[in-house]
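Participant: Once you've had a glance at the structure underneath, I'll fire off some questions.
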Amino acid sequence: MKLSVVLALFIIFQLGAASLMRNWMFDFEKELEHDYDDSEIGFHNIHSLMARSRRGDKVKICGTKVLKMVMVMCGGECSSTNENIATECCEKMCTMEDITTKCCPSR
């Protein structure tokens, strides 16, 4: 007899707790913003998920790759003699704009 009363109280307690938990979760999910549309924030979130090496437009190129990039960008060899573009782009990262301003400023 005592066992059945304890079992009935336990079942009632479990049903009440489950009902409260379900209501709490429903209220919590209702407070979340599902239709949040901000393209700038979304871009930054996607941007931060990308690998660090792919985030910027600067690239690290060394050796003959620099010569090929200069040939493509300038249509010939680097006209600037005071800067070593190959060493600079290998040690530090360069953008395409850096290559064009340093090697062929007339372009």
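Glycine residues also receive a Cβ, built from the backbone N, Cα and C atoms like all the rest.
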Participant: Return the single candidate from Cys74, Cys89 listed in Swiss-Prot as disulfide-linked to Cys103.
Facilitator: Cys74
Participant: Mind checking which of Cys90, Cys94, Cys104 has the disulfide with Cys62 in Swiss-Prot?
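Facilitator: So the cysteine that Swiss-Prot bonds to Cys62 would be Cys90.
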Participant: Using the structure shown, find which entry in Cys89, Cys90, Cys94, Cys103 (the disulfide-bonded residues) has the sparsest Cβ neighbourhood within 10 Å.
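Facilitator: It is Cys90 that, of the disulfide-bonded residues Cys89, Cys90, Cys94, Cys103, has the fewest other Cβ atoms within 10 Å.
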Participant: Going by DSSP, is Cys94 (disulfide bond) sitting in a helix, a strand, or coil?
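Facilitator: The residue in question, Cys94 (disulfide bond), is strand (DSSP, three-state).
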Participant: In terms of Cα spacing, which of the disulfide-bonded residues Cys62, Cys78, Cys89, Cys90 are within 10 angstroms of Cys103 (disulfide bond)?
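Facilitator: Candidates kept after distance check: Cys78.
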Participant: Given the disulfide-bonded residues Cys74, Cys78, Cys89, Cys104, which lie within 10 A of Cys62 (disulfide bond) by CA-CA distance?
Facilitator: Cys89
